[in-house]
Amino acid sequence: TGEFTWNKELQGLLLGSFFWGYLVLQVPGGMLSERYGPRRVVFYTMLPAAVLGLVSPVSARLNPWLFLVVRVLIGVGESALYPAAQALFARWSPKSERSRLVGVSLSGGQFGNALIFPIGGLLCSSVGWDSVFYVMGAIGFVWCIIWWFLVFDSPALSTRISPLEREYIQHHVTFRDGQKQQPKPWGAIFSSLPFWAILLAHTCGNYGLYMLLTQIPTYMKEVLKFDLKSNGAFSMLPYLTMWFCISCAGTVSDILIVRKILPYLWVRKLMSSIGTFGPAICLIGVTFMDCTQQIAAVVLLCGTVGLSGVAFAGYIKFKIFFRMMGTMREKKK
């Protein structure tokens, strides 16, 4: 009954096309951020993504394959954000505060996912589906401008913090402006068991998260039989739960580490285990639900998506830990 008569195969391609582009700058984005600074990398990749969001409705009406190309390019633009964030955290976060800083920062992504479902449903039902792209594209454009003027690559370059805060941060991080970039030890990286463990955990975790992100609205509509507005409201709940879990997991991790209740390594392993096995158990439960068990299905989806956020204090923190250790080894040399 919508504007487009796209079959399921084409819908699947369009939903997946963003993630094809999202692969492109995952590794180069981090390397570029280390070389040129995360502030520039994020600005010059996210600004085109915001502009492409604004032209998405036009491309969809012209040709679905043109829309697919636009979605791929938006994915390319957004793919540098998380790698650049890792470089930013390494420069700004003291070890004793890292879990909270990373947890609160990255939980913003899940809070945004939660907001877009009810807002998108309201815009679609009251204004039109294309208004979602115009509103989000405009917000993205304004966000890029704010980012450029408020964010700095390191404490040494910031004009918005006190000398005391600058000295404190620089004393507790290993990064120094102007330090020489060492050749990447690719052989050591690809022969490292911790690297493969993080890669496997990230792959499995993100597969589940992005599958749910694209398919929860369809599941709510076609299986649980929610209308458009209810769909948006209930689709929001799993990501609000995830936002809450990310924030709590980061705080709990720091407490366990600072108070020496558990070793650093075991804290990360514990959070990774909860953030992977917990969602798996809940998702198995979802398979037994139908439209007569709407509330139970939503609760299980909240557990599936929400508990995934605990892993943000697990294998995602390991990435920053190993980046820090690599910098320390370079300094010793």
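Glycine residues also receive a Cβ, built from the backbone N, Cα and C atoms like all the rest.
As annotated by TrEMBL, domain 'Major facilitator superfamily (MFS) profile' applies to 1-333. Annotation source TrEMBL lists transmembrane segment at 12-29, 41-59, 65-89, 101-120, 132-152, 186-213, 233-258, 270-289, 295-316.
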### Task
Answer yes if the transmembrane segment (295-316) and the transmembrane segment (132-152) have at least three CB pairs under 8 Å among residue pairs 6 or more apart in sequence, and no otherwise.
no
Tertiary contacts of the transmembrane segment (12-29), defined by C-beta under 8 angstroms and 6+ residue spacing from its ends, are 6, 41, 45, 64, 67-69, 71-84, 210, 214
